Amino acid sequence: MSFLGGSFSFGSTQLCKGFALLLVFGHAVVQIFPSAVAYLALVPARTIPFAWNLLTAGYVEQAVVGAIVSALGLLFIGRLLEPIWGPKEFLKFVFFVNFLTYICAFVTAIALYYITKEENYLYAPISGFHGVLAGILVGIKQIFPDQELPLIPPLKIKAKWMPSLLLLPSIAVSFFLEGSASYLPTLIFGTYMGWIYLRYFQRKPETNIRGDPSDEFTFSSFFPQPMRPIIEPIASILDRIFCGRSRVPSEAKGYTLGAAPLPGSGPIEASRRRERGARALEERLASEQLTASGAEDPSHEDAEERV
């Protein structure tokens, strides 16, 4: 199903299908064996010594709605990125975002316990793939920023606002709903870790440059223009804490070595990446349409023979 192309098809990549099956399997396990939640989901009080739940929690959906949404979201959205990045890079992205998201969720739960003294933060199981899905939306923002997506007909929204459209309502709703601690930290940290990986660590084989330093992909670009002067100083501090570097100023137009800009950085490379993404998407849609038409031809020929 391609919401970017305005047409519907059901092809998907093998890796996305594998992850979707893993999510269905994880949900089935905790439904058949409810006690498995304590060992597979993130339970901060039990993470030491059960440290493996930092890896497994992301693939365990406790609710059937969560399992369906995560599996379908991965099949329909993840398949747009995997052909562009390649299976190995897509796998690295999922592992990076999932693992660091739950490390941050663990630290947050411990901090909230010491602040509030409420034991629920220590023993409430946290799990789900929604953090990775939030990170995948960041990838969509990076590669297809100006692609218009149908929201509520006839309303459309550009892809670059999808992560914000997921986060801001979730944060607003959390003030009125109990249990927001089970999903909100993973959504926030999934979005941020997805941006961290793509901004600083993803290697570009064609340039051997890591990350995306373009002005169009700064952390403040997730927020409306009036909020950016407030966000940019905070983002600069977070860059130094997590990445050991400050945000690239708009005047730099890319990383520099001495006085010369590094090749492959800045807005030119970002524009090329978006062009490659759009071209890869068009080729994929054309391939799926060709496959579909090829599947229809034999039956059409048989009908003509019978006539």
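Cβ atoms here come from the backbone N, Cα and C positions, even for glycine.
Automatic, uncurated: that is what TrEMBL annotation is.
Note that the structure is predicted; figures quoted are calculated from it, not measured.
The transmembrane segment annotation in TrEMBL covers 20-42 (among others).
Annotated transmembrane segment per TrEMBL: 62-81 (among others), in sequence order.
As annotated by TrEMBL, transmembrane segment applies to 93-115 (among others).
Annotated transmembrane segment per TrEMBL: 121-140 (among others), in sequence order. Sequence-distant contacts of the transmembrane segment (121-140) (same chain, six or more residues past either end, CB-CB distance under 8 Å): 19, 23, 37-38, 40-45, 57-62, 66, 69-70, 73-74, 77-78, 80-81, 85, 93-94, 97-98, 101-102, 105, 109-110, 112-113, 159, 162-163, 166-167, 179, 181-183, 185-187, 189-191, 193-195, 197-198.
Residues annotated as transmembrane segment in TrEMBL: 183-201 (among others).
Look at TrEMBL and you will find 259-307 tagged as region 'Disordered'.
Under the heading compositional bias 'Basic and acidic residues', TrEMBL lists 277-286 (among others).
For 297-307 (among others), the entry in TrEMBL reads compositional bias 'Basic and acidic residues'.
Outside the transmembrane segment (183-201) by six or more residues, the chain places 93, 96-97, 100-102, 104-105, 108-109, 126, 128, 130-139, 142, 163, 166-167, 170-171, 174, 210-213, 217, 219, 222, 242-243, 245 with a CB less than 8 A from a CB of the stretch.
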